[in-house]
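A short write-up of the structure that comes next.
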Amino acid sequence: MKKLAILGSTGSIGTQTLDVVRQHPDEFAVTALAAGRNVALLAEQACEFVPKLVSVQTKELAEQLRGRIPDSVRILWGDEGALDVATHAEASFLVAAMVGSAGLAPTLAAIEAGKTIGLANKETLVTAGHLVTDLVRKHGVPLLPIDSEHSAIFQCLQGERVEQVRRLILTASGGSFRDKTRDELAGVTVEAALSHPNWSMGAKITIDSATMMNKGLEIIEAHWLFGVPYDKIETVLHKESIIHSMVEFTDRAVMAQLGTPDMRIPIQYALTYPDRLPLESEPLDLIKMGTLHFAAPDFERYPCLGFAYEAGRKGGTMPAVLNAANEVAVSRFLAGEIPFLAIEDIIASVMAKHQAIAAPSLDEIVATDAWARRAAEQE
Ligand SMILES: NC(=O)C1=CN([C@@H]2O[C@H](COP(=O)(O)OP(=O)(O)OC[C@H]3O[C@@H](n4cnc5c(N)ncnc54)[C@H](OP(=O)(O)O)[C@@H]3O)[C@@H](O)[C@H]2O)C=CC1
Ligand SMILES: CC(=O)[C@@H](O)[C@H](O)COP(=O)(O)O
Ligand SMILES: [Mn+2]
């Protein structure tokens, strides 16, 4: 029985992880759950799975949970609560599915505590890729990708040697505005931006998908997960999201992983790796699909892709700045404060003001993240 802790249990990845657990009650148990503000859903989850520990963002929210969940479930809150969930002694596996760089500290603590990490929270690797990968090596813990593209690449690399990789090819749907020109983007609404053509995901990643910053973050994520340099990481527009990514090897053989767009498949693969288990999910019907489409990404149409390559290649604290500026800009767009195209302007402007620090410590990353957030708020 694998015992799980989940950061972000009330989100899109968190709830789909619990769906996988529901399908395999003899394989998985839930030990600890951390959520943000959704007390009602966390209470339901706690009643259903009866973990040892739950945590929410504030003390007030924790008080709202009391009396609504079994007495045996300990209730914590805040950063400390999330840290205790991530490092709970009885859990061997952490599903890191909080959104944003808030997931970094508890994920680092879980690695230090020897937990296997199922990583959905890509912002963690973008912000502090060198620290996460060094710590994973030091503690000998597996870091298993949940992000669909990285799970695909990970599956394509089974039994292969990374030195024999010619290219990683990340597929990109193009997001909610893929059929619009840049001029048409000026007046788009939050509601339209939140309508992803293929995936049902949290609000932040759905906006990232529309700006293609999601693919930019995924390029940096792939660099750290697979140790492949940026000039060997490419993207291709693939509007059906059926091929989840590809690897080209030195002999020009290309491996691809395909499937219906259902995140429970990569989530379950991380949970069961190196085994596989059955999963109740829509089968892929290529005959019904008929055709799959591919196109080159246009860096003028999607400047965030270029920002991500620039930040990744510059390294040091620059990816943390890219990420923090993006997080603030996306939340300002979601709040109706700025237009869609201002997201890109804010990121470019904050990056231009930053002098990257090489090989930063955690304290330097945390300080830089805070600086970039303030700068992005003031733009
Ligand atoms: N959704 C998807 O299909 C995919 C997501 N990812 C990545 O996975 C991560 C999660 O995405 P997704 O599930 O879509 O996001 P959601 O917005 O759906 O969920 C985010 C989760 O994090 C919780 N949370 C947010 N802030 C805090 C905080 N400060 N402290 C504790 N908990 C917090 C939320 O709690 P609450 O709702 O209770 O406030 C919620 O449980 C992201 O990094 C995303 O990029 C990667 C690939 C695919
Ligand atoms: C499901 C998943 O992994 C997302 O990151 C998804 O890939 C977003 O789609 P696009 O960024 O390709 O629009
Ligand atoms: Mn992805």
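Glycine too: its Cβ is placed from the backbone N, Cα and C atoms.
TrEMBL labels come from automatic prediction, so no person has curated them.
Listed by TrEMBL as binding Mn(2+) are Asp147, Glu149; the candidate from Glu60, Glu63, Glu218, Glu234 that the record includes in that site is Glu218. Together with Thr10, Gly11, Ser12, Ile13, Gly36, Arg37, Asn38, Asn121, Glu123, the NADPH site in TrEMBL holds one more listed residue from Gly202, Gly216, Gly227, Gly259, which is Gly202. Binding site for 1-deoxy-D-xylulose 5-phosphate per TrEMBL: Lys122, Ser148, Glu149, His196, Ser209, Asn214, Lys215, Glu218, plus Ser173 from the candidate set Ser101, Ser173. Only Asp147, Glu149, of the binding-site residues Gly36, Asn38, Glu123, Asp147, Glu149, place a Cβ under 6 Å from an atom of ligand 3. Cα of Asp147 (Mn(2+) binding site) to Cα of Ser12 (NADPH binding site): a span of 12 Å. When the binding-site residues Gly36, Asn38, Glu149, His196 are checked against ligand 1, Gly36, Asn38 have a Cβ within less than 6 Å of one of its atoms. Note: Glu218 (1-deoxy-D-xylulose 5-phosphate binding site) has non-local neighbours Lys122, Asp147, Glu149, His150, Leu170, i.e. same-chain residues 6+ apart with C-beta under 8 A of its own C-beta.
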